[in-house]
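Below is one structure; the comments refer to it alone.
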Amino acid sequence: MVQVKRICCIGAGYVGGPTCSVIAQMCPDVTVTVVDVNEDRIQAWNSDSLPIFEPGLQEVVESCRGVNLFFSTDINTAIKDADLVFISVNTPTKTFGIGKGRAADLKYIEACARRIADVSSGCKIVVEKSTVPVRAAESIRRIFNANTKSSLNFQVLSNPEFLAEGTAISDLKNPDRVLIGGDETPEGQRAIEALRAIYEHWVPKSKIITTNTWSSELSKLAANAFLAQRISSINSISALCEVTGADVEEVAHAIGTDQRIGSRFLKASVGFGGSCFQKDVLNLVYLCEALNLPEVARYWQQVIEINDYQRRRFSSRIIGCLFNTVTDKKIAVLGFAFKKNTGDTRESSSIYISRYLMDEGARLHIYDPKVKSEQIIQDLSQPTLTHGDDPSRVSRLVTVSTDPYAACEDAHAIVICTEWDMFKELDYERIYKAMLKPAFIFDGRRILDDLHDQLQHIGFQVETIGKRVSKRSSFATSNDISNPDQLPPPKKTKV
């Protein structure tokens, strides 16, 4: 069996950094080098201020950095020295050309494959760690076959990650499963065993699943599609609950006790975000269309449509409750990350809700404990989100606050977009006294359920997802802006 003593990981992002840090900690006899073209990112990995926030990550990195864990921009040397190379680079959704808005852009994967082929010698195991479309391994293999010398031998494996941001370290140390896909040839099986041996340092053999390459690649897309589907399913029920007077939390609990369904991912909210769910579902939609499976494509496209609808519906509810206009009104947005315990804002529902409110002229004061102000401004300034010819719109309408109380002062409404625990512990009496009246709270994450009576006693008008809380007059009509169908769907998810 091939013995792996040196590992190179190309890509020092949310997947490569934490994954290889845990491998280094769990495999002290293996040298792990994480490389990236971004010098600032590598400097951050070598500092006391890591480039990403993840509970427990700092301790893992500090325990083995400089011992058997290294971060470097010397990509070629790391590839040459390695027995096994992880490809862990970004695979964004294409923004132009064939498959725009749905297909994965594999330009970084291809660039990695060509670089590995160019600088390598001897035998190498190359592992897809990035989320890729089915048969991407075949593309990598074709590049190797067309560019390798007689002294070279490559084996390509698929080893998708199943991390949840905010619990990534726990997920890596105690995974539900580790999936390894490879060729069914003797050489392919030896490569699988070599990677399996790395994980067996801490993962029970029964949790390591081996398949062919194609099954492994599709399993990653399918897993995220199923999780996203559950969120869209419960969010669709939340809309029904608000109309009928049911409580979506009670409905979710009732159906979640059925062992055939289970309780996880049945939390109604303003919609899913993050780097994977939307990208992978859209990738699956494109794959089905390309393979002439239009009915299957439409089925999975509806998961995205419901997510977009939930964001528009929540935004229109804010506008409707504020007397059908938010123009020049200060609104405090609490939370900008796509979920708690991370600083990642990719595809965060906060971005879309902020955009809808900005389109109506609202003045937003945004607070998040882990997202930097530069990131918030950058996300809201993206060309796909900014409308009109006024480049100063974001700077005019958005203020990033460093204190939640300052964000809420003189505000007409508070909008909770991220489920940070600290938002449950704020002094809401103090906040209410400093707000304009009537003062509204829009709980997009259902984190204040236990405080509803207290908040109403203080004087707040409370609105939440999937439940009627405050008795209110409807200022909306079927033709005004509070109708979610009047708000334009996000451009990047239109098919």
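Glycine is no exception: its Cβ is also placed from the backbone N, Cα and C atoms.
Those TrEMBL annotations? Automatic predictions, nothing curated.
The NAD(+) binding site annotation in TrEMBL covers 11-16, Asp36, Arg41, 89-93, 130-131, Glu165, 276-279, Arg346.
Within 10 Å of the C-beta of Ala268 (substrate binding site) we count 28 further C-beta atoms, all protein chains included. Taken from TrEMBL, the feature substrate binding site covers 161-165, 220-224, Arg260, 267-273, 338-339, Arg445.
Look at TrEMBL and you will find 486-495 tagged as compositional bias 'Pro residues'.
Residues or ranges marked as domain 'UDP-glucose/GDP-mannose dehydrogenase C-terminal' by TrEMBL: 332-450. Mean pLDDT for the domain 'UDP-glucose/GDP-mannose dehydrogenase C-terminal' (332-450) in this predicted model: 93.
Residues annotated as region 'Disordered' in TrEMBL: 473-495.
Asn224 (substrate binding site) sits 17 Å from Tyr14 (NAD(+) binding site), counting Cα to Cα. Residue environment of Glu165 (NAD(+) binding site) contains 24 other Cβ atoms, counted within 10 Å of its Cβ in all protein chains. For Thr93 (NAD(+) binding site), the Cβ neighbour count at a 10 Å cut-off comes to 20, with all displayed protein chains included. Summarised by DSSP class, the composition of the domain 'UDP-glucose/GDP-mannose dehydrogenase C-terminal' (332-450) is 42 helix, 19 strand, 58 coil. Between the binding-site residues Ala164, Leu221, Leu221 has the most other Cβ atoms inside 10 Å of its own Cβ, all protein chains included.
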